Every structure is written in structure tokens, then in C-alpha cells.
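*Asks:* So Swiss-Prot lists these for the protein:
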| type | residues | note |
| --- | --- | --- |
| TOPO_DOM | 1-51 | topological domain 'Extracellular' |
| CARBOHYD | N22 | N-linked glycosylation site |
| TOPO_DOM | 77-88 | topological domain 'Cytoplasmic' |
| TOPO_DOM | 114-128 | topological domain 'Extracellular' |
| DISULFID | C125-C202 | disulfide bond |
| TOPO_DOM | 149-167 | topological domain 'Cytoplasmic' |
| TOPO_DOM | 192-215 | topological domain 'Extracellular' |
| CARBOHYD | N198 | N-linked glycosylation site |
| TOPO_DOM | 244-278 | topological domain 'Cytoplasmic' |
| TOPO_DOM | 303-309 | topological domain 'Extracellular' |
| MOD_RES | K321 | N6-(retinylidene)lysine |
| TOPO_DOM | 335-376 | topological domain 'Cytoplasmic' |
| REGION | 353-376 | region 'Disordered' |
| COMPBIAS | 358-368 | compositional bias 'Polar residues' |
Amino acid sequence: MSLINEPSYSAYSWGGQGGYGNQTVVDKVLPEMLHLIDPHWYQFPPMNPLWHGLLGFVIGCLGFVSVVGNGMVIYIFSTTKGLRTPSNLLVVNLAFSDFLMMLSMSPPMVINCYYETWVLGPFMCELYALLGSLFGCGSIWTMVMIALDRYNVIVKGLAAKPMTNKTAMLRILGIWAMSIAWTVFPLFGWNRYVPEGNMTACGTDYLNKEWVSRSYILVYSVFVYFLPLATIIYSYWFIVQAVSAHEKQMREQAKKMNVASLRSAENANTSAECKLAKVALMTISLWFFAWTPYLVTDFSGIFEWGKISPLATIWCSLFAKANAVYNPIVYGISHPKYRAALNKKFPSLACASEPDDTASQASGATTVSDEKSASA
């Protein structure tokens with residue numbers, strides 16, 4: 001069954017005991033919120049309270065893990081002298097964005113799931129959606145800048161101009177300036193923020209049929225989905241190509257020296273290109289699975305591709321918020337120097353006792369970037 005097709009109404013009934021008659025998912029919405037509700041949602045019966053309970057529990061767990069994980073990344077990178085480098089400023093910014101996203105969005109969602117509707121009023125609805133858009137956009141473009149930094153270091157090599165603290169801060173300021181711009185447009189009439197789905201969350205209005213509103217979704221998707229995704233794919237494609245060419249040169253050099261490999265015996269079985277290809281595939285795949293459900297839902301709304309159910313919007317929310325949980329693992333904990341600092345400050349929480357070359361590659365050669373910046 002398609003994500004956006006008409007849902008199975010067993011998801012909205014009391015354990016199959018007859019349904020709700022003429023009740024709808026909108027019935028519990030506060031009177032002052034009704035002018036924000038699209039007529040589309042009145043066709044759906046109330047959701048089974050178990051779904052609200054499950055959603056609240058999962059969002060609460062994701063929020064706790066994300067706040068702790070990203071908080072530790074910020075603390076370790078900020079207090080460890082060897083990690084305070086230009087490239088790692090981007091990693092800290094990503095952790096900062098994800099930290100604030102879940103800190104600001106998880107508690108309201110849990111509260112609303114408890115009451116089975118949005119109970120915090122119109123202003124908080126707008127603020128909730130605004131913060132979700134702000135931190136989501138900030139995280140997306142920070143990941144783009146990290147990919148471009150790795151491309152600059154690995155593909156261009158010595159010919160590349162190393163990133164300094166000043167250029168890193170300028171990029172971060174640019175990220176937040178652009179994110180704020182995209183976030184405030186709906187407050188001035190280009191689209192708007194409204195309750196959606198099971199009425200426990202708010203987001204952009206993708207059901208409005210006016211082209212002024214639709215145009216915001218289209219332009220926003222270009223600059224906050226398609227362009228970032230294309231840039232990340234482009235960067236990692238050429239990174240893998242560059243590492244592959246380097247591996248080929250190493251094999252040829254080893255052949256001339258009449259040795260099996262220039263690598264240590266420990267790493268001889270797995271080439272750097274294979275490891276980095278896996279990392280690139282993982283990075284792109286996680287990004288794709290985090291944000292694509294929202295894009296599909298938004299486009300389904302503005303182009304009327306199918307009937308969007310409240311249940312579908314739940315999955316969109318979960319996938320996007322899960323991104324804030326695994327980002328600290330992909331971009332922070334995989335960094336060998338980070339793990340060494342973690343082992344020193346929190347021995348019981350350390351992921352590994354010793355950093356290794358594989359982990360260094362898993363961090364996307366950030367260490368190489370750091371050393372190059374330091375030598376500039």
C-alpha cells in the first residue's frame with residue numbers, strides 16, 4: 001500500500017470495535033485553531049489512542065538520545081584542543097542544530113500526543129513549525145558544507161585552499177542566514193504554518209491549492225532538498241573516484257617495489273576505496289531516507305497525487321527526527337580523535353578503546369582536512 005493512499009481504517013478504530021461514527025481527527029482541536037485546519041483532514045476518523053501513545057513514546061526516546069548524543073559531540077569537540085579545528089566547526093554546528101531541533105520539538109510533540117491533539121495554541125503551532133524548518137534547513141546545509149569541505153581536501157588535494165576558522169564561521173553564518181530566510185517567508189504570506197495529520201504537529205501548508213502557496217513548496221524543495229542532495233552526491237562521487245585513483249597508484253607503486261601492498265597487514269584486505277564508498281553510500285542513503293518522505297508528502301499535497309492520511313504524516317515526522325539521532329554517530333562519534341577524547345572523559349561510554357584507520361575513513365577524512373587547515 002502506498003504511503004499516501006487511503007489508509008486502513010483499523011489504524012483509526014478502537015481495536016476493531018466498531019469505529020467512531022461521525023467523529024473526525026479534528027474534533028479535539030482547540031476552537032482557536034480551527035481556522036488553520038484544511039478541510040482535507042475532516043474526512044479521517046480519530047486515530048487509535050495507541051498510535052498517539054506509540055508516537056509520543058518514540059519521539060520522547062529519539063529526543064532524549066539526540067539531545068544526549070549531540071550534546072556530547074558539542075562538549076567533546078568544544079573542550080578538546082586537538083578537535084577545535086575549522087572543519088570540525090561544521091561538525092559542531094550540525095550537532096548544535098540537531099540538538100536544538102529535538103530540544104525544541106520533542107517535548108511539545110510528547111505533550112500533544114498525550115492529549116491526542118495540538119493543545120498549545122496557534123502561536124506555538126507557528127513557532128513549532130518555524131523551528132522545525134529552521135533547524136532542518138540548518139542541518140541539511142551544514143551536511144552539504146561538510147561534504148564540500150571533504151571534496152576540497154580529498155579531490156583537490158594540495159591545490160585546494162584550506163579552510164580557516166574565518167571561512168568556516170562565514171559558511172556557518174551563511175547557513176543560518178539562508179535558513180532564517182526560508183523559515184520566515186510563511187509568516188509573511190508565502191505559504192503558512194498549520195496543524196497537520198493527526199493534529200499533534202504543525203508544518204507548512206501543502207494542501208493549499210493557491211499557486212502562491214504551492215510555489216513556496218516548489219522553490220523550497222529545490223533549495224532545501226534537490227540542490228543539497230545533488231551537491232552531496234556530486235561531492236562523494238568524486239571523493240570515491242579520487243581515492244580509487246590513489247589506490248591504483250599505490251598498487252602500481254607496490255608492484256614496482258616488488259611487495260604485495262604498501263598498506264599494513266591489518267588493512268591489506270580492505271581497500272580504502274571500498275571503505276569510503278560504503279561511507280559515502282551510507283551518508284547519502286541516510287540523508288535520502290530522512291527527508292524524502294516529507295518531500296513525497298508535500299508534492300502529493302500540492303499536485304494531488306493521492307490521499308494523504310494522518311498516519312502517513314507520522315512516518316514523515318519520525319524519519320526526519322531520526323536524522324538528528326544518527327548524525328552525531330556518522331559525523332562525530334566516527335571521528336577517531338573524538339573517540340579518543342570520549343574514552344578519556346567518559347571511559348564507561350567510549351565506543352572503542354583505540355581509534356583506527358577505518359574509523360578515520362568513516363569520518364570522511366576530516367582529520368586530513370584538520371591537519372591541512374592547521375598547517376596553513
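Just so it is clear, glycine is given a Cβ too, placed from its N, Cα and C backbone atoms.
What does the local environment look like for each feature on the list?
*Replies:* Residue environment of N22 (N-linked glycosylation site) contains 7 other Cβ atoms, counted within 10 Å of its Cβ in all protein chains. Classification of N22 (N-linked glycosylation site) by DSSP places it in coil, neither helical nor stranded.
Across the topological domain 'Cytoplasmic' (77-88), the model assigns an average pLDDT of 88.
Sequence-distant neighbours of the topological domain 'Extracellular' (114-128) (same chain, 6+ residues past either end, Cβ-Cβ under 8 Å): 28-30, 32-33, 36, 46-47, 49, 52, 56, 104-105, 108, 187, 193-195, 198-202.
Proximity of C125 (disulfide bond) to non-local residues of its own chain (separation of 6 or more, Cβ distance below 8 Å) is seen for M33, L36, W118, Y193, V194, P195, C202, given in sequence order.
Listed by sequence, the residues of this chain that lie at least six past the ends of the topological domain 'Extracellular' (192-215) yet keep a Cβ under 8 A from its Cβ atoms are 25-26, 28-29, 33, 36-38, 40-41, 47, 51-52, 55, 109, 112-113, 116-118, 125-126, 128-130, 132-133, 186, 297-302, 308-314, 317.
The Cβ of N198 (N-linked glycosylation site) has V25, M47, W51, H52, L55, E116, P310, L311, T313, I314 as same-chain neighbours under 8 Å, each 6 or more residues away in sequence. In the three-state DSSP scheme, N198 (N-linked glycosylation site) is classed as coil.
For K321 (N6-(retinylidene)lysine), the number of other Cβ atoms no farther than 10 Å from its own Cβ, over all displayed protein chains, is 23.
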*Asks:* Inside 10 Å of the Cβ of C202 (disulfide bond), count up the other Cβ atoms and send me the figure.
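*Replies:* Result for C202 (disulfide bond): 26 neighbouring Cβ atoms inside 10 Å.
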*Asks:* When secondary structure is assigned with DSSP, how many helix, strand and coil residues does the topological domain 'Extracellular' (192-215) contain?
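*Replies:* Output for the topological domain 'Extracellular' (192-215) reads 5 helix, 8 strand, 11 coil.
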*Asks:* Work out how many Å separate K321 (N6-(retinylidene)lysine) and N22 (N-linked glycosylation site) at their Cα atoms, rounded off.
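*Replies:* Between the alpha carbons of K321 (N6-(retinylidene)lysine) and N22 (N-linked glycosylation site) there are 33 Å.
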